[in-house]
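Have a look at this one before I ask anything.
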Amino acid sequence: MDSNTVLLGVVVATALAFDFTNGFHDTANAMATSIATGALRPKIAVALAAILNFLGAFLSLAVAATIATGIVEAGAITLTVVFAGLVGGLAWNLLTWYFGIPSSSSHALIGGVVGATLIAAGTSAVKGAGIVSKVLIPAVLAPLAAILVATIGTFLVYVITRKVPDGIRTRGFRIGQIGSASLVSLAHGTNDAQKTMGIITLALIANGTLGKDAGPPLWVIVCSASAIALGTYIGGWRIIRTLGKGLTEIETPQGFAAEGSSAAVIFASSHFGFPLSTTHVCAGSVIGSGLGKRLAEVRWHVAGQMATAWLLTLPAAAIVGAVAWKGADLIGGAGGVTVIFLLALLGGVGLYLASRRSTVNAANVNAEWTGRTPAPVKETVR
Amino acid sequence: MNAYLDLDALWRVLVAALAGGAGLVAVFSVALAGLAATRPTSEGGGGRPLGWVVAVTGFLVVAAGVVLGIWVMLAK
């Protein structure tokens with residue numbers, strides 16, 4: 001095995017690992033509200049989201065072999081930069097998951113790539129205007145748009161159905177909520193699995209395995225779809241808890257309005273080419289659903305922590321990306337990349353073990369909100 | 001500012017999102033209210049058949065909106 005093959009292998013493995021964290025980080029976007037309102041049992045919800053993410057990955061027609069287009073100079077993107085960017089994104093995803101904070105996987109990836117590019121090719125290779133227009137401004141507008149839509153939607157839902165008997169109302173909105181949450185899952189699969197496919201395809205092209213304008217081979221599509229679906233099924237319970245219970249207490253009509261708003265904003269932004277992060281939209285919708293019912297039901301300090309994390313996403317992932325690139329570069333060659341990969345793996349395992357000390361899972365995800373992690377569930381003796 | 005912000009796209013997104021996210025959500029609620037109106041009331045009043053028309057029309061509009069949404073997303 002020559003060093004190019006090793007490098008390629010490590011990049012593909014890292015991309016799939018990122019895809020996996022992308023999946024479990026974003027389960028919450030579609031399913032947190034359905035789990036919180038009891039419209040779906042937790043395990044059923046994550047299974048449904050996983051299936052829809054898998055299907056969504058196959059539905060997308062155009063996979064662009066581009067990464068961070070318009071944000072860094074295309075010429076500056078080498079395999080090592082892509083790798084370091086992925087490590088930066090991965091690290092931020094895992095850290096925010098540990099703290100139960102929903103944050104954008106795309107922004108984390110972009111941050112990682114920007115950091116790696118900065119140190120690899122210098123400031124001239126990074127387009128500041130691109131960062132402002134494609135990352136910073138959308139990060140502010142996405143939650144605002146979602147809050148607006150969800151607030152109006154929730155308000156209308158409660159006004160229109162105030163005389164509807166509880167039975168019909170709850171059952172009707174549960175079905176509606178499952179439907180709209182499914183749409184969010186499907187949209188997530190089409191958009192996010194595509195990114196990983198694009199990265200792997202890019203790596204294959206850079207290696208000469210694929211022709212210059214080739215699309216992704218079937219195995220790439222299957223692997224990416226499986227990684228994101230598996231991640232979704234594993235479920236980022238810590239994040240689901242924050243989004244479903246932490247931001248606001250959600251009733252079924254609110255959950256329906258929130259998911260409806262998320263689905264509409266995501267579909268609209270994807271159609272009109274205004275890049276909004278699914279995570280930012282969904283968090284905004286949940287806040288809106290709290291505002292629409294009665295003001296001051298939102299736990300603003302939780303929202304504040306979340307917003308802080310969003311601001312930190314780009315620089316934090318960029319630092320990790322830069323360090324990862326520098327480390328791989330100092331050691332040199334495929335060996336350097338492999339060492340960094342193993343270090344990242346070690347860090348991931350460490351965070352996982354740390355999370356075991358205060359597990360959030362399907363059993364306690366809906367426990368009373370007292371802080372971030374709920375009281376541990378007693379192990380059931382079989 | 002316009003170099004950084006595609007105002008045109010933003011407006012379209014907002015309008016479409018409001019139509020889908022608040023509009024269709026409201027239509028679904030109206031349909032549920034229609035469904036509820038078909039039930040006999042507890043005071044002995046009969047159910048109103050007009051409710052069925054409202055409910056079926058409402059659910060169809062929502063379904064059409066969802067299909068349009070998926071179609072639009074996949075047509076990219």
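Cβ from N, Cα, C; glycine included.
Keep in mind that TrEMBL annotations are predicted by a computer and have not been checked by a curator.
Annotations per TrEMBL:
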{"type": "TRANSMEM", "residues": "A:44-64", "note": "transmembrane segment"}
{"type": "TRANSMEM", "residues": "A:76-99", "note": "transmembrane segment"}
{"type": "TRANSMEM", "residues": "A:105-123", "note": "transmembrane segment"}
{"type": "TRANSMEM", "residues": "A:135-160", "note": "transmembrane segment"}
{"type": "TRANSMEM", "residues": "A:218-240", "note": "transmembrane segment"}
{"type": "TRANSMEM", "residues": "A:302-325", "note": "transmembrane segment"}
{"type": "TRANSMEM", "residues": "A:331-354", "note": "transmembrane segment"}
Under 8 Å, at least 3 Cβ pairs, sequence separation 6 or more: does that hold for the transmembrane segment (A:331-354) versus the transmembrane segment (A:76-99)?
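Yes, the stretches contact each other.
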Residues sitting near the transmembrane segment (A:302-325): Cβ under 8 Å, six or more positions beyond its termini, same chain?
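Apart from its flanks, the transmembrane segment (A:302-325) reaches 80-81, 83-85, 87-89, 91-92, 95-96, 99, 101-104, 107-116, 118-120, 131, 135-136, 139, 143, 242, 246-247, 280, 283, 287, 340, 344.
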Where else in the chain does the transmembrane segment (A:76-99) make close Cβ contacts, counting only residues six or more beyond its ends and a cut-off under 8 Å?
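Sequence-distant neighbours of the transmembrane segment (A:76-99): 7-8, 10-11, 14-15, 17-18, 21-22, 24-25, 67-68, 105, 108-117, 120-121, 125, 199, 202-203, 206-207, 236, 238-239, 309, 313, 316-322, 324-325, 328-329, 337, 340-341, 344, 347-348, 351, 354-355, 372.
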Excluding the flanking five residues on each side, which residues at least 6 beyond the ends of the transmembrane segment (A:135-160) place their CB within less than 8 Å of a CB in that stretch?
71, 104, 107, 110, 173, 253-254, 256-258, 260-262, 264-265, 269, 274-277, 280-289, 291-293, 307, 310, 314
Who are the chain neighbours of the transmembrane segment (A:218-240) in space, where the CB to CB distance is under 8 Å and they lie at least 6 residues beyond its ends?
15-17, 19-28, 31-32, 35, 42, 46-47, 49-51, 53-54, 57-58, 63, 96-102, 185, 189, 192-193, 196-197, 200-201, 204, 355, 360-362, 365, 372-373
